[in-house]
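Please read the structure below before turning to the comments.
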Amino acid sequence: MVQSDTSKSPPIAAVAQESQMELLESAAPAGALGAQSYGKGARRKNRFKGSDDSTSSDTTSNSFVRQGSADSYTSRPSDSDVSLEEDREAVRREAERQAQAQLEKAKTKPVAFAVRTNVRYSAAQEDDVPVPGMAISFEAKDFLHVKEKFNNDWWIGRLVKEGCEIGFIPSPVKLENMRLQHEQRAKQGKFYSSKSGGNSSSSLGDIVPSSRKSTPPSSAIDIDATGLDAEENDIPANHRSPKPSANSVTSPHSKEKRMPFFKKTEHTPPYDVVPSMRPVVLVGPSLKGYEVTDMMQKALFDFLKHRFEGRISITRVTADISLAKRSVLNNPSKHAIIERSNTRSSLAEVQSEIERIFELARTLQLVVLDADTINHPAQLSKTSLAPIIVYVKISSPKVLQRLIKSRGKSQAKHLNVQMVAADKLAQCPPQESFDVILDENQLEDACEHLADYLEAYWKATHPPSSNLPNPLLSRTLATSTLPLSPTLASNSQGSQGDQRTDRSAPRSASQAEEEPCLEPVKKSQHRSSSATHQNHRSGTGRGLSRQETFDSETQESRDSAYVEPKEDYSHEHVDRYVPHREHNHREESHSSNGHRHREPRHRTRDMGRDQDHNECSKQRSRHKSKDRYCDKEGEVISKRRSEAGEWNRDVYIRQ
């Protein structure tokens, strides 16, 4: 009985248990009935021990302990295992050191290209980053500057935000693998409870959710996909909520039938390649080609040219870049349709303009597009330009109407067309369609608002760690700043000299009344400024070659930039601008190389403008500042004269 009790007792060391058993045997009663049940044979069997000094009962009861003690030898890593682990650690540390060194070198390298993200990524759960803690997290619609490729899974770059440093960016291959893993876990989660399924999807949802969940339908990113997604998301919701349970059987089937149609939206590429510097495009307050819109944008162009001198490229774009949609350029079957349409811009010309814009952006200078055909943000939403849309807004339609009427009968004739265009812009969702909305009452306030945004964007794209000059920019600067270069002397210096002589007579007669103000200009004057901007911007060697192509154009091809039909406004443009441009060019002599010049102003126009200004100024309330965009007479702009620094004249004669 004693031995049976000891066999049930907690296991102890073999030697200690043997001594305790001998003591207990001597103290136990001799005739115990419980001990009889085992018999002497059993007791003898238990007492005779094996070679390890343990009885059979000890072996069964102490098997766990004894095996653990034996495992104290077998669980120890051998010398080969230790050396292998040390080798792995050394290799890991060396790879991490090399990755850190490559990361430091990449800080001074130029930006290879830029991408816009279509997905969201969180680096919190990543454990395979080349340098732990150096992965970059981003949201959908963010912009990334990529310096170089590290390996197949990681790029080296930075998030285009102020204060963000260089790090590791997951490559499209890695994001695609993560998306597949996420889908597999989501499918597995369907077989578990809703709680576990929700946890699995949410943990990976922070890393790479589908772009449609974080992409507003009206945003500028891949409208084709998001439009379909909005339709897909709305229809199942309507099937689920209002339908009774009896129809719940049919709604999944209808959804499954629709899924192949929407299958392409689930494979949206994680990145879209965009220009390294997002081009700035002005829209509003109404249609380009009319005086109210042109004079307001002209004032902003002049301000930007002086405010960001040496850091900005202002270029004119005559081609209809709204045709440069990704779905069109990537689908050869649609090329013939575009070519057969009555558009003045061929796809080859459009593609050339897009490449030129990308090339300008490589210098990491601010790029401003003076685009003739862009009057609405939706025109560029499907392109790869990812522009900064600046909306020059007149909040009150009555004020815009009075401004249009103040420009004379020729502008009031097309009042309805301009008001409809302004109304279309006002209906756009502001946060999703525009990056900057200039609705200030004062010209200087609007200019400072735009300047503050562009300064912040400049700091975001030029971190302190990459202050070294851009090699491409340095090369183009060295080319464009040689005043005695024969090419530049013929293209810019000589033409500017001709412009000075051509303008001397008309300017001397009206300089006293014109110089104290920023006179509103017509379309041809506005475009001449942009062409001169392109010729004199720093760091745009590609732009000079493009200017030469502009110079080779005939007058008819240039005029086509302004008489291009914009939807249903074609007859208004032809009626208004063909005689206008012919009249101005008859009064102006052209230089030998074909540069467009600034047309002389008409005094009769100015006198009528004085009267219109007096009437208009009485009717305006809080929108007094719009005078600074248009009727710049007398004291309205004279106090800005010292700050403006003769913008009009400097734009054309400054070398």
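Every residue gets a Cβ built from N, Cα and C, even glycine.
From a predicted model like this one, the values you see are computed outputs, not experimental measurements.
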Where Swiss-Prot marks phosphothreonine, which residue is it, choosing among Thr60, Thr265, Thr549? Thr549
In Swiss-Prot, the phosphoserine annotation, restricted to Ser200, Ser466, Ser530, falls on Ser200
Would you mind telling me which one of Ser203, Ser313, Ser346 Swiss-Prot calls phosphoserine? Ser203
Can you give the mean pLDDT for the domain 'SH3' (110-179), rounded to a whole number? 94
Counting by DSSP secondary structure, give me helix, strand and coil numbers for the domain 'SH3' (110-179). 8 helix, 25 strand, 37 coil
